[in-house]
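Notes to accompany the following structure.
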């Protein structure tokens, strides 16, 4: 904002050369002391928009035209596979013990042990539920299709046959190797290293570990950390539930007047707590095995897909993506989460 001077002094076109008094000014042209040429150089965003400016066409998100077996919700922010029956079973198996615990066991533990006990279980249980939904609804790293379509040329019939391409892995290391990139005839692209095509989702996924039917999604680069946290929180919650369930049923028996433990289990809170102890012990077996298996694969620099389909498992060659154990965990679990390839609507991303 500029001002106009009310004195007889010779005015200069530059504000810093004007000997003006702040008490002798009035509001004037906001572009003063600019001349006409300088006014025309004002950025367009500060000028008034004329009525005849054409509208920018709407750019649709890529997920709307992606021919895969995925269901998208909330403008592509939530997505999962179309085979959701096993996911409903796993969701019910996770919700049931939590509801029973807070109805029958949490009250006795709150008043007879400590309020911190049910609060700790609530934190672990909430972490398991949130990580489950985050893992199952996040984009695992689906690669956009038709990135390299092969066109048939009658003069060169072999033009539709993809050529092998190699990518140098670990270029700054002395043990760097070349890794072959496979051409996907379904998605029409050269898959990056460690990417694979999922036949259930019908998409190429970056860093595909495996397709989990119980979470109804592929476990890839963008949701692997949520899958790891889900396994860890489920194991801790199940083991914690086992101890709390047995402690509640046995502790309430010693404080009651019942002489028979079998008769004491007929009481609702005692019987349900004993059931939760057995339920937690059985429920910790499979997630515990998967968690230990994932820790082993991370430590050796592989994933499930690479481990099961390795062609040179009997050789002594070091895996090209293997580094130290701590660095492997750091790369897999703490690497930045890149932008989804199929959801963005910005023009810079499309």
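Glycine residues also receive a Cβ, built from the backbone N, Cα and C atoms like all the rest.
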| According to Swiss-Prot, do residue 112 and residue 297 sit on the same side of the membrane? | no
| Which range of 50-70, 113-133, 134-154 is transmembrane segment, per Swiss-Prot | 113-133
| note | Students should find that the transmembrane segment stretch in Swiss-Prot, chosen from 250-270, 271-291, 292-312, is 271-291
| task | Among 87-107, 226-246, 271-291, point out the range having the most Cβ pairs under 8 angstroms from the transmembrane segment (113-133). | result | 226-246
| query | Counting only residues 6+ away from its ends, which parts of the chain sit with a Cβ under 8 Å from the topological domain 'Lumenal' (247-270)? | reply | 104-105, 107-109, 112-113, 277
| query | So how many other Cβ atoms are close to residue 212 (active site, S-palmitoyl cysteine intermediate), meaning within 10 Å of its Cβ? | reply | 22
| query | How does the topological domain 'Lumenal' (247-270) divide up by DSSP, counting helix, then strand, then coil residues? | reply | 16 helix, 0 strand, 8 coil
| field | Outside the topological domain 'Lumenal' (108-112), six or more residues from its ends: residues with CB under 8 Å to it | value | 118, 244, 248, 251-252, 255, 269, 273
